[in-house]
Amino acid sequence: MQDIIDDICATMKDRSERGQVANYIPQLACVNPGQFGISVALPNGQVFSAGDAATLFSIQSISKLFTLTIALGKLGDAVWSRVGREPSGDPFNSIVQLEHESGKPRNPFINAGAIAIVDAIMMGHQPKETLAEILQFVRFIANDSSIGIDEKVALSELQTGDRNASLAHFMASFGRFKNPVDCVLGTYFHHCSISMSCQQLAQAGLFLVSDGINLSTGARVVSAQRARRINSLMLMCGHYDGSGEFAYRVGLPGKSGVGGGILAVAPGKASIAVWSPGLDSIGNSKLGTEALEMLVQRTGWSVFGH
Ligand code: DON
């Protein structure tokens with residue numbers, strides 16, 4: 001495994017076409033696009049890493065996987081009255097379907113869906129209480145109490161968050177929100193601004209590899225059925241309107257973020273985190289996707305076979 005990821009890392013370091021760093025969040029536009037990291041965590045506790053795998057980056061939409069897991073724990077199937085579970089086929093920040101579908105987002109991973117999930121888990125609590133709960137959960141699944149929020153990124157998102165504010169107010173206009181829109185948005189921006197390394201993220205994904213249990217720590221996080229369902233949502237919706245392309249090229253459940261990270265799950269085999277800040281035209285990590293494609297070719301880990 002170390003040889004495989006060293007090879008992948010060497011290939012990615014040399015790539016000249018690295019995509020574009022997200023520029024609609026000014027703080028993310030400052031990140032050096034020359035970086036690349038990968039970590040592969042196995043259920044037996046072994047972790048293989050290469051490149052900038054210890055560097056912290058903004059996990060952005062990967063955090064939506066964690067808030068969905070928390071929401072399912074708190075609300076169970078009632079989550080599905082707040083968001084759907086179908087791919088949207090539209091960009092991550094699109095508003096068009098919301099009008100046709102009475103303010104109910106297609107899935108929990110597009111921005112509108114993740115904002116609705118925050119409203120569902122707040123349950124009348126203050127933003128800082130909900131954020132503490134989200135951070136506690138992420139620290140628990142990653143088995144690392146040092147994980148925190150990058151306040152500069154959160155502020156940058158807040159200052160340029162007109163699109164997300166529009167989505168939130170539009171949903172609220174259908175009477176769908178139980179908490180003040182500004183509290184929901186502030187909480188959403190902050191959970192997107194959690195910083196993690198590939199090493200920490202790969203650890204955090206382990207519960208989805210082994211039927212809801214992080215076998216490296218022995219902690220049961222969710223039931224086997226719930227882990228399976230979360231994986232299927234990641235496969236269908238985790239890369240927005242690029243989900244079909246990702247399934248075709250990589251064939252693993254995965255969740256991307258505009259910080260350039262991707263967390264991918266090879267059920268029964270490994271949790272894989274990759275990071276390279278340059279994005280493709282859809283907003284998914286360009287080299288991260290290429291790296292996962294190479295990894296799957298070398299390991300045969302695609303859920304669709306060799
Ligand atoms: O709300 C936003 O636009 C960002 N906080 C998250 C978007 C994102 O990561 C989309 N991912 N590829």
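Quick reminder: no glycine exception, Cβ is built from N, Cα and C everywhere.
What TrEMBL says about a protein is an automatic prediction, not a curated fact.
Taken from TrEMBL, the feature substrate binding site covers SER61, ASN111, GLU157, ASN164, TYR188, TYR240, VAL258.
The structure, with features from TrEMBL marked on it.
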residue	record	CB count, 10 Å
SER61	substrate binding site	24
ASN111	substrate binding site	23
GLU157	substrate binding site	24
ASN164	substrate binding site	21
TYR188	substrate binding site	29
TYR240	substrate binding site	24
VAL258	substrate binding site	24
The largest Cα to Cα distance in Å among the residues SER61, ASN111, GLU157, ASN164, TYR188, TYR240, VAL258, listed in the record as binding substrate, is 20
The answer for which binding-site residues (SER61, ASN111, ASN164, TYR188, VAL258) have a CB under 6 A from ligand 1 is SER61, ASN111, ASN164, VAL258
Mapped onto three states, the DSSP assignment of TYR188 (substrate binding site) reads helix
Reading the DSSP string in three states, the entry for GLU157 (substrate binding site) is helix
